[in-house]
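Here's the structure, in structure tokens; my notes come after.
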């Protein structure tokens, strides 16, 4: 492989930063130029990731596109020392997530043209977000991972706090409070891991944990739980979900696209990478407990979504419910379930992002997202209403769309692990239909209020990104192996470690 | 043959894609032409396929890999056997006729292309359902036909009734779907495959046995109950009449609602392996048949009478299947498809000619105004009641014989009583529409010619379709070719059953005629037992109300309880945690003084300097 190929992951991660620097020197007044730069700056990463995806070796078990450079080290007296590496690479878990991140970032940048104030700062933060999210999925070193993880936190804090609705500051603080707590646990776990394994390299840690677990069982469990809390907050798992409700409602819709679309998936990624990857034995032992929490998420979110009076609240609780499905998929510790969970991460990423793309449009036209004030939009905005219904159907798991594949696989995995819990989880399909249809039909159906008679339907700048979303959602739905095959090898390898 | 089969499926899909893209097209002829021609093409090829199969006794099998699941690869596949070929012809034919009819019926509608697009999508999904070779694929199309049903019931989106009916249809059928879904999970868990062939093989070799067969059968049945409007999940079907009448004919009478029957037939080996499951199928079918027929006795909306009649007839089909009458169930499915589509289309013509009036109490006297329509409608009624030589007679007679021979005499009696009830409500309906004098002042509008053509074709089919089983059982021998089910056909049942059934129907027809031949009589206040029974029937046994209080309200209550819980208990936790880092409030104040970007920049630059410092430090160490 040529040398520049080694640098490909690095180039992908930091390409958006180039845009950020150009924006630094762009005059504030040139708003349209800023928007164009902001959008264009997300494209190189997307294009290169497509290239990467195309050349991804399906049969390979090991990491691909690896770049490993010694970074810095602390040497102690004696021969022991801690070396830190700038270590990047992809495997079957990160590949689809990276692709999703890049695509949603581009679409978010397009959706962000609706932002009217402090545009330059907004796009700079957005590009910083993209870099750090890509970095999180590319990192093969826990320290590197942690740095990117923290940058996300900071950038998101400002994105929520500056461009949100009336209560944006509270939402931002709550976000920081919870996620700061999560970071604390992550940091704690990192330090303990460093002490236990003397390294933060992913490939090394996964080999050392089974040995270390035998020598230091309590120690291992402490690391396991603190990592679990860190990612339970991110996902979020009940009862750590309060912060994300606020963010869904108070942040600008385009920021929520990133938040619901990608950030929640970092929780899923953490569970897959660290818990399934490093602690499969321990995961097996807490499987039933985690499944129970997944079911609580699933039904708690669904029932609460059913009684909300505001669209973004419905979607927030719907996200909780969908993350419950993801959690039961992971907790089943069956290959099919893990596949389902990863599918769910990607599918929900696109569906949630599309939902908030539509929310942005809806709010711009009607100035409300209260369900009781809306109605009959099929008449004045038929294309919008059609796409909204489409997204709703994708979200309730209609076959032929991406949500079905992920739910089906997650439940199938769970069913193999536990028949009765699997059957109970399947009842979630009914609840999803109930709350989604209620919300969608309140908006689309019924008589059209007078003041909504003359709304303008989608412009092409809006329909084009929607078309991309729709294509991806249908694409995954009818040809799931497009992304399914890439995850197969990695997940299989992880599970082979159990009992090995 | 494979290409022909694929073309059958793809033609309606093409129609959907063209018309949903061309939703702004003004030319109705073009739009309807695309719909009619594609479905006719599907019908033409399906008939060719059927003919070919009758002569050569072959099957069509197509399979392609779709999804990799740990160690298995799930395939998408098509397998056309005798049952599937019959279903393909039925579906594509009725779809084509209904689209011709819609050309007239929907002519003033604003979203004309959208309507045809939905019909195209439905036809595609239904054809896909009946040609699928595995259960997962059946489930996929099963949900898609449900979606089309939902879209078309709610087609007049601005009507709150249509909205509610659409939502109800989706949710109630989804309850059934989850049963089917779990059955699929269970089958995969047990045998690691979704293929129908693998399922019947696993049953015959005993890989799945005992209690699991019964569970799987019951779960599949739950799916069938939802889709085919059987008790206790029947409540959505009558409400579905809020959709346009052509939709009621195609989806909610002739094709989609029979998907449940088809599903049970397609997985029949599983049911045969469990006598419990067969019992449940029979009792649900038999009970639904008489239960829905009772409600139909007092309904005053023309389409609702027909809807309850559909529920009741689907009950007959279930009853037949539960009595091991595989051919009988399918035979009635086909004849019912013809005569019920006829009745709905004719009812639609009645509705059009009466300015979209659907209330039977305001009809009457149409015999004199539109003789042609009255005769076609009458043919449909004869077929539904089951008088010879109309098709319903043969299929219903066979069902009665099967039930009798299977030995559940109680159900046999119920089925006979239902024959009487059916005859009564059908002719009550007929007389209220056609007999006596008109009870409205408005003049009749003429019915467009293009609507009469499909009615006539269906009328002929309803009359003649019975002769595929008489005088010789051609239909049975075709359906059972090369199948293990052949051994099920019992020895001849006593001939008196047919005569008694005809007697019961004549009695019902006579009584209805006696009571209603002068048209509708404004009701005398009904008192005592009769009044009480009448009220219960009018309220459809209070099932809707029951569900409302038992399921909907508690769910809502739980929801509101959880809102409080989420806000105060879970949210209270936050405030507790929030007290710890008081310093955080200082960061918050930054957000308010407008200098945020400076702070953001400063903290970022500081952070980056730190990382760079550590990195560069490496070179000096």
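Glycine too: its Cβ is placed from the backbone N, Cα and C atoms.
Whatever TrEMBL says is automated annotation, not expert-curated.
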Of the residue ranges A:60-78, A:345-363, the one that TrEMBL records as transmembrane segment: A:345-363
Residues from the same chain, set at least six apart from the ends of the transmembrane segment (A:251-274), whose C-beta lies under 8 A from its own: 93-94, 97, 100-101, 104-105, 107-108, 111-112, 114-115, 126, 129, 133, 136-137, 149, 152, 156, 159-160, 163-165, 168, 171, 202, 227-228, 230-236, 244, 312, 315, 319, 323, 326-327, 330, 338, 341-342, 344-346, 348-350, 352-353, 355-357, 359-360, 363
Selection from A:33-53, A:175-197, A:345-363, A:418-437, A:464-484, the stretch that has most Cβ pairs under 8 A to the transmembrane segment (A:286-308): A:418-437
Winner by Cβ pairs under 8 Å against the transmembrane segment (A:134-163), considering only A:175-197, A:218-239, A:383-406, A:418-437: A:175-197
Intrachain residues whose Cβ lies under 8 Å of the transmembrane segment (A:175-197), provided they are six or more past its termini: 82, 142-143, 146, 149-150, 153, 156-157, 160, 204-205, 208-209, 212, 216, 219-220, 222-223, 226-227, 229-231, 233-234, 236, 240, 242-243, 246-247
For the transmembrane segment (A:345-363), distant same-chain residues with Cβ under 8 A (at least six beyond the ends): 96-97, 100, 104, 107-108, 111, 114, 252-254, 256-258, 260-262, 264-265, 268-269, 311-312, 315, 319, 322-323, 326, 369, 374, 384, 387-388, 391, 394-395, 402-403, 405-406, 443, 458, 462, 465-466, 469-470, 472-473, 476, 483
When counting Cβ pairs under 8 Å to the transmembrane segment (A:314-333), the leader among A:93-113, A:418-437, A:464-484: A:418-437
Same-chain residue ranges lying at least 6 outside the transmembrane segment (A:33-53) that approach it to Cβ under 8 Å: 8, 11-13, 15-16, 18-20, 22-23, 26, 65, 90, 95, 98-99, 102-103, 105-106, 109-110, 112-113, 119-120, 122-123, 126-127, 130, 134, 486
Stretch with greatest number of CB pairs under 8 Å, the transmembrane segment (A:464-484) reference, A:93-113, A:218-239, A:383-406, A:418-437 candidates: A:383-406
Listed stretch, out of A:93-113, A:218-239, A:383-406, that has the most CB pairs under 8 angstroms to the transmembrane segment (A:418-437): A:383-406
Distal contacts, the transmembrane segment (A:93-113) - CB-CB under 8 A, six or more residues away: 12, 16, 35, 38-39, 41-43, 45-46, 49-50, 52-53, 56, 122-123, 126, 129-130, 133-134, 137-138, 253-254, 257-258, 261-262, 265, 269, 272-273, 342, 345-346, 349-350, 353, 356-357, 360, 461, 465, 468-469, 472, 483, 486-487, 490-491
